[in-house]
Amino acid sequence: MPREKVRVLIVDDSASVRQILQTILNDDPDIEVMGTASDPFAAARRLQNEIPDVMILDIEMPRMDGMTFLRKIMAQRPIPVIICSSLTEEGSNVMFEAFEAGAVDIVPKPKIDTRQALLECSTRLREAVKSAARARVRPRAERRVVEKKLTADAIIPPPVQGKVRPTTERIVCIGASTGGTEALNDVLEMLPPHCPPLLIVQHMPAGFTAAFARRLDSVCQIRVKEAEDGEPVLPGSAYIAPGARHMLLQRIGLRYQIAIKDGPPVSRHRPSVDVLFRSAAQHAGANALGVIMTGMGDDGARGMLEMRKLGASTRAQDEDSCVVFGMPKEAIAHGGVEKVVPLHHIPREIMLWYQAGHVAVAG
């Protein structure tokens, strides 16, 4: 029996954008655009008759802006919503409001200036739609091109057993995707100032992560910033991988520092969780804790197994608290997960692991 297609409603005031999005999505045999709307009022009329699996929504529209419509939808009849908008530094705060209001993902409007740019945008959009269709949403208050899937070998060589130099410094590496922006907020705001350093890969487009880091920094006790190449890794700080670039952990003597590298997508993502986790296995070994959180796909599964093989502790977010139980599920299936915990237990797990290491060193 053929698999049912993901049915999508597109809401955007630009006729050309609606047409481009419709063409991109209908080219995928697993997706069907059930209709389009030029504004939220037209979309609301459409929703009275049929409910899509996923809605793609613009932010800036006449008569009613997308944010207001998103809040109404999530309060009255929640469905997975993807924000498709022009990403700018000035508009980043609006994007975070969208996540808080219940949007499951954000994608940039397709670029059609080059064939490669259009291909990358098309692939990202189709993957976002399929991921959103599997997302859990809760009520809130008011022909396909298959890319070669690269592994972390494209960026960093495999870790070698017995080659990790000793250090007493402990470090936490976290990977997340769909649903991760709010989940990371929940984790980081509960950590005390004396927590271990955290390196975080959250799948995000370029130009978005600096504002994300500033937003987290404003609500957390710890320092949160966008990671920079060559900067030292310090306790009480969290470092967010910049969008569209890989982040790696490195060692200078007994001290950790961050490396930011260009390169092809790994596990179809850049930044890639697999790349970060492999570098942690290579340079931190048993002094690392790997945490994999909500998200679609398998990025991080191989890297987490490499971490565990070299002595690291590992945790995965449980299915009930995930927006999409994809990345944790794959990491568990690969055998890389030591313990599965709900989202609200992750801060405690981090601190218990960190404090246990301090006791061991003191002893």
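Keep in mind that glycine also has a Cβ here, set from the backbone N, Cα and C atoms.
Quick look at what Swiss-Prot lists:
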- Ser177: active site (ACT_SITE)
- His203: active site (ACT_SITE)
- Asp299: active site (ACT_SITE)
- 7-124: domain 'Response regulatory' (DOMAIN)
- 166-357: domain 'CheB-type methylesterase' (DOMAIN)
- Asp58: 4-aspartylphosphate (MOD_RES)
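For the domain 'Response regulatory' (7-124), DSSP puts the residue distribution at 51 helix, 25 strand, 42 coil. When other Cβ atoms within 10 Å of the Cβ of His203 (active site) are tallied across all protein chains shown, the result is 28. Within 10 Å of the C-beta of Asp299 (active site) we count 31 further C-beta atoms, all protein chains included.
Following the DSSP three-state reduction, the secondary structure of His203 (active site) is coil.
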